[in-house]
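Shown next, in structure tokens, is the structure this report addresses.
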Amino acid sequence: MMITIRPDEISSIIREQIEQYNNEIQVVNMGTVLQVGDGIARIHGLYEVMAGELVEFEDSTVGIALNLETQNVGVVLMGDGLTIKEGSFVKTTGKIAQIPVSDAFLGRIVNALAQPIDGRGPIPASEFRLIESPAPGIVSRRSVYEPLQTGLIAIDSMIPIGRGQRELIIGDRQTGKTAVATDTILNQKGQNVVCVYVAIGQKASSVAQVVNMLRERSAMEYTIVVVEPADSPATLQYLAPYTGTALAEYFMYKKKHTLIIYDDLSKQAQAYRQMSLLLRRPPGREAYPGDVFYLHSRLLERAAKLNSQLGEGSITALPIVETQAGDVSAYIPTNVISITDGQIFLSSDLFNAGIRPAINVGLSVSRVGSAAQIKAMKQVAGKLKLELAQTAELEAFAQFASDLDKGTQDQLARGQRLRESLKQPQSTPLTVEEQIATIFTGTNGYLDRFDIREVKKFLDQLREYLKKKKPQFGEIIRTTKIFTEEAEALLREAIKEQTELFVVQQKN
């Protein structure tokens, strides 16, 4: 059987093929590896690469182009890079580092690339944010005016923190810096605040401890944990705080309040120093590169209180910095102190003396001040800092004076009881009304009759008594936010009744 060839059919097929032909040329910017090691690769031939652009190696390892030089490009690797060889190919991606963001991140543990590391499967996300995005401008902000309660009496009364503030937590190792931060997370329960805890270069066991504590106290429901432990590449330790901030910004621009904790920025600076020295950038003071101030300022400036047009969302930042032997004048501590709106100084001497949280009230300051306090707290805690400072001065004087007059002895005794009333066990944050009751009791001399060892027990019982027998007191403070005459009368009555009960208990 003869096959009849129809020329018109063939020509129509050819015409169709020509129409569908796509003659686009895909240009991929390629380079070759000159040298690789210590988490750094030098690449030749990567022309037109952007600063901070992601580049991809043959083995799918991703890196960031940080040093753009005339002959080559210095790339920091976001992985171990063990299979990258000299001469292997590298291509540009045309992307700047970005991460997926969504509400589904709440309750999850992720790494610096926002990939889940808690074994609970992928996190759905439809949106992306740049890891390094610009901070809100002056016009986009408003001044800090709402308190962010930490639940710690010493902080909320004397070093108040407001929503949108940056407050540094600084102190030697093992002085309870992380405890102050985690207690603040616990106190945000029911306050509609999203918390982000960024652990940089910490031991995996310490991070696991924090996560378990947050889980036990049902705080993981509103918390995201970003972890890059001590064995992570320096690049990822350097990126982790920016990743945490990008996640917090997602919620801030959705009109929510967020709290972010960087634990700690000393480790991030060390990771950045390591990267910079390996990239052969000139070292400066303490061998840190010249732009280490910019490293932290561009991070912390992203914490803000947005204006009403943008929805009044906020990011409150609590960066942690570790000092060596209490030296606040080292490079990183002075840098971060000058960037933040105040600092909480934790002293190892106070910690060892059993004063916990070990806050040195004399050296700690909040530059937002009473703008971040409710009126009731201002009314009660106004003289507290002054009284404690006078007590410290008197104690120094009393070491040299043999006999003190009655007035001085009374003032010393009251100061010691006040200091005792500020002690608080870890993971037991107090509500504002409980704090107000505690401070009022101390500053008005109601604790003077008790032995120092009885103060804690009495205050615990008083707070319980107020909750059960005088719930109106807490109601007044919560609704009016003012320490009214009625609230004062209720509190004085409760103190009187509880004192009588306590005295009877002690006798029995």
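A Cβ is built for glycine as well, from the same backbone N, Cα and C atoms used for every other residue.
Taken verbatim from Swiss-Prot:
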- Gly171, Asp172, Arg173, Gln174, Thr175, Gly176, Lys177, Thr178: ATP binding site (BINDING)
- Ser364: site 'Required for activity' (SITE)
Which of Gln174, Thr175, Thr178, Ser364, all recorded positions, has a Cβ with the fewest other Cβ atoms inside 10 Å: Gln174
Residues close to ATP site centre defined by Gly171, Asp172, Arg173, Gln174, Thr175, Gly176, Lys177, Thr178, Cβ within 8 Å: Glu322, Leu346, Ser348, Phe351, Ala358
Residue among binding-site residues Gly171, Gly176 with least C-beta crowding, 10 angstrom cut-off: Gly176
Sparsest Cβ surroundings (other CB atoms within 10 Å) among the binding-site residues Arg173, Lys177: Arg173
Cβ neighbours within the same chain of Asp172 (ATP binding site) - under 8 Å, at least six residues apart: Glu322, Thr323, Gln324, Ala325, Gly326, Leu346, Ser348
